[in-house]
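Positions annotated as substrate binding site by TrEMBL: B:T40, B:E114, B:E150, B:N302. TrEMBL lists B:N181, B:G182, B:S183, B:L184, B:R206, B:R207, B:L271, B:G272, B:V273, B:S300, B:V301, B:N302 with the feature NADP(+) binding site. Look at TrEMBL and you will find B:25-140 tagged as domain 'Alcohol dehydrogenase-like N-terminal'. Taken from TrEMBL, the feature domain 'Glucose dehydrogenase C-terminal' applies to B:144-353. The region 'Disordered' feature in TrEMBL is assigned to B:87-106.
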There are 2 protein chains.
Amino acid sequence: MKTIAVEPGAGEPVVIEKPVPEPAAGEALVRILRVGVDGTDHEVIGGGHGGVPDGEDHLVLGHEAVGVVEDANGTDLEEGTIVVPTVRRPPASGSNDYFERGEPDMAPDGEYVERGIVGDHGFMAEYVTSPAEYLVPIPEELASLGFLVEPISISEKAIEHAYASRSAFDWNPESALVLGNGSLGLLTLAMFEHTLGYERTYCLGRRDRPDLTIDIIENLGATYVDSRETPVSEIPAVHEAMDFVYEATGVAPHAFETIEALAPNGVGALLGVPGSWEFEIDGGDLHREFVLHNKALVGSVNSHRGHFESAIDTLTALPEWFLEELVTGIYDLEDFEAAFENDDTTIKTAVEFSRI
Amino acid sequence: MKTIAVEPGAGEPVVIEKPVPEPAAGEALVRILRVGVDGTDHEVIGGGHGGVPDGEDHLVLGHEAVGVVEDANGTDLEEGTIVVPTVRRPPASGSNDYFERGEPDMAPDGEYVERGIVGDHGFMAEYVTSPAEYLVPIPEELASLGFLVEPISISEKAIEHAYASRSAFDWNPESALVLGNGSLGLLTLAMFEHTLGYERTYCLGRRDRPDLTIDIIENLGATYVDSRETPVSEIPAVHEAMDFVYEATGVAPHAFETIEALAPNGVGALLGVPGSWEFEIDGGDLHREFVLHNKALVGSVNSHRGHFESAIDTLTALPEWFLEELVTGIYDLEDFEAAFENDDTTIKTAVEFSRI
């Protein structure tokens, strides 16, 4: 079968032929339909993140997948069921408490591998195997967009943790700011508008009009903020202070400017993963602001099965026009390179391995 | 009656004679027993924090009080009941949602005054009046230490908010670090040891042995960390990464180094209130660490009635020897200046206005 993989240092994905995997006991065989591409894939390809499985010279890419159960292999799954696989798996050393209690997303370094990212092959293959417990069934009508369940689950978790941090008091957020107009930022902006009930939403980017993402932002009813004109720290003066800031840029100064962008009692969810980056801050002002206005910052990575299940509901609730505009390309295996292009006309792409 | 007040710019407290206040409808008259002194009082005296009530030329100090109801004045209180007053009151513009729902601690700037700190006279007086709803009854046997209820309530709130931020997953903290060996730091260290059940606790200071606070830290079963030898960011390497970091130094770099001191999934509660303070950070490393290890920082200020009620339980649970060593001096009104001395032999002091 064909897989899309990257060899360390190559800097671009290639097709690698591999045998169709055999499911072990407790595993099902899944025929892959579509696999989305995101910023993490680009980081893995570029060598800035992730790593090949022990003893291998390549990593099969892909962690945003949707497939169909081809061989249930004695598990509780039914053949023909559409499923989305979760991403984290126990490390070679075996399972641990985080997996036992269904919270692999809270496992620290060394206590997990991530399919398609670090230490385990991903889902960009015609067939994959997985323990049934890591395959989340979704309704058949969501099959074509099922590759969005994983990225939405990332935001489900971040939002759950952010709300938890505000659960000790009566919090009634009305304004939300998304930092970053990539596919994750736009999906989250749509959640703030359509499933979380925020009254006023904003999305920060650095694009000139006309631009696809600005059109989507405005069609969602949100306000576009150009970071070249309005730095994050000045957003309260220019627009308003935000009850919720969702950071998906990986621009490290944004993590700290978020403290200034927040309204009293607000929370910032941080999701970016920058490299080393030294800069000066007025740490005294930020510290005081943090304390005197009861602000919170919450870092969040990965997601667990419960977040995938919430993401299915969210995907159902998002408007069709939005999802159509968000997905700018679905490419056959023969044209897979096109799915990895990343210009201003690309928002979200996926590679199609097979059809229902 | 005698009060202890400060005039802006004077730099030291003085006794000011004022008439005994008359309780308005809904208010009780309280005879003050003792009022504690803390770092905020020193900041108010120094002019770095707080402010006199509108139209006045002085501020009566004191926000950590315990008293006895002298005249219930038709309220639900009973004369002779020992009470601790909360600190925040509605501003001159009138009440607001935060007060209506019993969460004045979440009110932003301008939506409150603070007795003895900003905009309203404090409790360092022979008598004070207060709406009954802001007077929290405590058991008579706690009367002598009742001035510790307010500072403990500050930590009750910070800890509640920190735990809330970790409530979206199964969090089992074992290690706690208190930054700061002042009275609030030591009270909180004792809470980690005696009411919160942490297995390993640490307290950071910058004192040479022999030292009263180091003795208390070690007698509590905690490890003393000298910040001159072990910077906050190096604590994980020298000791261990911490599930909970409680910052009570007001040293702004500590707020950011806390991210490095935390274990995966850990939380830092920030309570210090520094002034402007510019410095360089590796914001990229901190941002990445925040995200990849699901860390959280929570700012916390003030406390509400529920936190005072929890603080009463905590005060009951703390060991007697600890409280005796913590309180280094109770001074009569004639010797009040001694309560404001702040050297290495002072931990916690109070001024005694009257006895039961």
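Every residue gets a Cβ built from N, Cα and C, even glycine.
TrEMBL annotations: computationally assigned, not manually curated.
Sequence features annotated in TrEMBL and their locations in the structure.
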residue	record	CB count, 10 Å
B:T40	substrate binding site	23
B:E114	substrate binding site	22
B:E150	substrate binding site	27
B:N181	NADP(+) binding site	26
B:S183	NADP(+) binding site	24
B:R206	NADP(+) binding site	13
B:L271	NADP(+) binding site	26
B:V273	NADP(+) binding site	21
B:V301	NADP(+) binding site	21
B:N302	substrate binding site	24
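With respect to B:T40 (substrate binding site), the closest of these binding-site residues in Cα terms is B:V273, chosen from B:N181, B:S183, B:R206, B:V273, B:V301.
Residues 54, 63, 112-117, 119-120, 134, 150, 157, 301-307 of the same chain, all 6+ positions outside the region 'Disordered' (B:87-106), place their C-beta atoms under 8 angstroms from a C-beta of that stretch.
If you measure from the Cα atom of B:V301 (NADP(+) binding site) to that of B:E114 (substrate binding site), you get 12 Å. Across the structure, B:E114 (substrate binding site) and B:V273 (NADP(+) binding site) are spaced 16 Å apart at their Cα atoms. The two recorded residues, B:R206 (NADP(+) binding site) and B:E150 (substrate binding site), have Cα atoms 26 Å apart. Taking only the Cα positions, the spacing between B:L271 (NADP(+) binding site) and B:E150 (substrate binding site) is 14 angstrom.
Listed binding-site residues (B:T40, B:E114, B:E150, B:N181, B:S183, B:R206) with a CB under 8 Å from any chain A CB: none.
Taken residue by residue with DSSP, B:E114 (substrate binding site) is part of a strand. When the domain 'Alcohol dehydrogenase-like N-terminal' (B:25-140) is classified with DSSP, helix, strand and coil residues number 19 helix, 43 strand, 54 coil. In the predicted model, the domain 'Glucose dehydrogenase C-terminal' (B:144-353) has a mean pLDDT of 98. Highlighted in sequence order, B:H63, B:E64, B:V87, B:R88, B:G116, B:I117, B:I154, B:S303 have their Cβ within 8 Å of the centre of the Cβ atoms of B:T40, B:E114, B:E150, B:N302, the residues recorded for substrate, and are not part of that set. A straight line from the CA of B:N302 (substrate binding site) to the CA of B:N181 (NADP(+) binding site) spans 19 Å. In this structure, the CA atom of B:N181 (NADP(+) binding site) is 18 Å away from the CA atom of B:E150 (substrate binding site).
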